[in-house]
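Q: Straight out of Swiss-Prot:
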BINDING   Asn58, Asn59, Gly60, Gly61, Asp62, Gly125, Val126, Gly127, Leu128, Thr129, Arg130, Asp131, Asp154  (6S)-NADPHX binding site
BINDING   Asn59, Asp121, Ser157  K(+) binding site
DOMAIN    10-211  domain 'YjeF N-terminal'
Amino acid sequence: MSKAITIAEAQRYDAHATNVIGIPAMVLMERAALATFNNLLNDDFDLDRVVVVAATGNNGGDGIAVARLLKIRGIDVTIYLLGDPENATPQTSQQLKIANYYNIPVTADLNQIVNATLIVDAIFGVGLTRDVTGKFADAINAINAADAKTVAIDVPSGINADTGAVMGVAVVADSTTTMAYNKIGLLTTVGKQHAGTIHVADIGIYAQDRVEHAR
């Protein structure tokens with residue numbers, strides 16, 4: 001999949017997969033998590049102490065699912081949670097319940113980020129439209145200050161997926177697992193600098209013309 005897409009296209013293809021084709025959003029989330037997890041294992045990362053920095057949107061849900069896959073494999077993993085769990089998307093709320101079943105620690109201690117050997121960035125996906133501030137900016141600054149390598153899910157948090165612009169502050173990742181298609185903003189100079197090595201993951205979301213051609 002060499003095509004690069006806009007935010008609007010990413011959202012439209014996602015909605016078509018769930019609302020028209022009927023693929024449950026949880027299935028897509030699990031596929032995104034598994035793709036990210038496999039890239040973590042295949043690349044040269046130190047998995048001694050992994051911290052997944054997740055917010056309560058669906059990008060965060062992807063990360064929380066990654067945390068569970070790591071825990072099942074016997075890897076020391078902690079979730080640094082940003083935002084109120086009561087306001088989580090339905091899928092992310094479910095992922096938090098599953099993480100709780102597996103006794104995955106959830107923290108709000110920034111020192112956990114500082115002491116990690118690998119950080120998974122699952123704060124913001126393609127839908128970010130305003131500058132990052134407050135505790136979200138604090139978390140991104142902590143990620144960038146840490147010695148650990150960082151893997152971003154879909155796009156580095158704080159990067160505009162259309163323009164590649166830094167929205168106040170942005171994660172500088174060593175690797176990014178982006179879903180379905182690359183994003184136009186990650187092809188810009190700044191986008192490339194923040195994304196690191198890009199892995200495009202086929203999770204079952206396609207452009208409508210490809211879907212219709214397959215029917």
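Note: Cβ is positioned from N, Cα and C throughout, glycine not excepted.
Would you situate these features in the structure and describe their surroundings?
A: DSSP assigns Asn59 (K(+) binding site) to a helix in the three-state reduction. All protein chains considered, the CB of Asn59 (K(+) binding site) has 28 other CB atoms within 10 Å.
When secondary structure is read from DSSP and collapsed to three states, Asp121 (K(+) binding site) falls in the strand class. Within the same chain, the residues at least 6 positions away from Asp121 (K(+) binding site) whose Cβ sits under 8 Å from its Cβ are Val53, Gly63, Ile143, Thr150, Val151, Ala152, Ile153, Pro156, Ser157, Val171, Ala173, listed in sequence order.
The average per-residue pLDDT of the prediction over the domain 'YjeF N-terminal' (10-211) is 96, rounded to a whole number.
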Q: Residues other than Asn59, Asp121, Ser157 within 8 Å, Cβ to Cβ centroid, of the K(+) site?
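A: Apart from Asn59, Asp121, Ser157, the close residues are Val53, Ala54, Ala55, Gly60, Gly63, Ala122, Ile123, Phe124, Gly125, Ala152, Ile153, Asp154, Val155, Pro156, Val171.
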Q: Rank the binding-site residues Asn58, Ser157 by how many other Cβ atoms lie within 10 Å of each Cβ and give me the one with the fewest.
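A: Counting other Cβ atoms within 10 Å of each of the binding-site residues Asn58, Ser157, the minimum falls on Asn58.
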Q: Rank the binding-site residues Asp62, Asp154 by how many other Cβ atoms lie within 10 Å of each Cβ and give me the one with the fewest.
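A: Relative to the other binding-site residues in Asp62, Asp154, Asp154 has the fewest Cβ atoms within 10 Å.
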Q: Return the single residue from the binding-site residues list (Gly60, Val126, Leu128, Arg130) that has the minimum number of other CB atoms within 10 Å.
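A: Looking at the binding-site residues Gly60, Val126, Leu128, Arg130, the Cβ with the fewest others within 10 Å is that of Arg130.
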Q: Could you say whether, by DSSP, Val126 ((6S)-NADPHX binding site) belongs to a helix, a strand or a coil region?
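A: For Val126 ((6S)-NADPHX binding site) - judged by DSSP and reduced to three states - the answer is coil.
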